[in-house]
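> In case it helps, TrEMBL gives these features for our protein:
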DOMAIN    29-172  domain 'Ribosomal RNA adenine methylase transferase N-terminal'
Amino acid sequence: MTEPAAIVRVFDNASETYDNVGVEFFRPIAAELVRAVAPQPGERVLDAGCGSGAVLVPVAEAVGSRGQVTGIDLAPGMVARSRAAATGLDQVRVVLGDAQNPAYPGGSFDVITSGLVLFFLPDPPAALVAYRRLLQPAGRLAVSSFAQHDPRYPQAMKILARFADSPPERRNHPMFDSAESLRAAVLAAGFATAEVREVEVRSAFNDAAHLYEWIGSHAGRQLVDGIPVERRSLAISALAAELDHPLDFTTRVRIVLAHC
């Protein structure tokens, strides 16, 4: 697991280009998450790790002016992105906050969402317990995590690591190993029911340079930042030479819907 401060720094550095390089990836996943939890008019929602607002904005539109949506993120750049995305939505408040243990009274929310965030946290099972505490007795939780990357994505990361001075190491918590282990972790946190389903997202890249840009626009920024400027063209050339083309990736994502 990468240290929390390092993860915050990575996403703060990537905030300007995050989900903003012409690749369909985060928004389709967010749409599936919102569809699963089905926010209702007037509900109070917490979006833990709100990023660029891909989940936050459609949730706010669903709960309407009678609802309340709070977005929290530890990266100041991401808070700014979400605030900008939510312009005109008076029911939204975005603040600096920790998705590991959000600082709100118990029972503050009807719904909690967290899109592609949980596996970055220092203690994912403890975060689930915290979310359960924050929910009303009939509350709902929706989280997403990766099920299976396109094989060329880890291949690309290994290629780029050859050109980095200090390639980062990160290992997921074992609760993310399978749909069954993820469901078990949610139930162990005190939720009454948990349903896990998988969705596919297809992403197309114009060329190796576009793929490199995309990797540097999200958590992969940590690896890309470790590649000296003088080696970057070599790294992109290696991607172009070693990856099968066309560069269109299929990613499988798990969506968990849990009820208290």
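Every residue, even glycine, has its Cβ placed from backbone N, Cα and C.
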> Average the pLDDT scores across the domain 'Ribosomal RNA adenine methylase transferase N-terminal' (29-172) and report the rounded value.
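Computed over the domain 'Ribosomal RNA adenine methylase transferase N-terminal' (29-172), the mean pLDDT is 97 on the 0 to 100 scale.
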> Counting by DSSP secondary structure, give me helix, strand and coil numbers for the domain 'Ribosomal RNA adenine methylase transferase N-terminal' (29-172).
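DSSP classes over the domain 'Ribosomal RNA adenine methylase transferase N-terminal' (29-172) add up to 51 helix, 37 strand, 56 coil.
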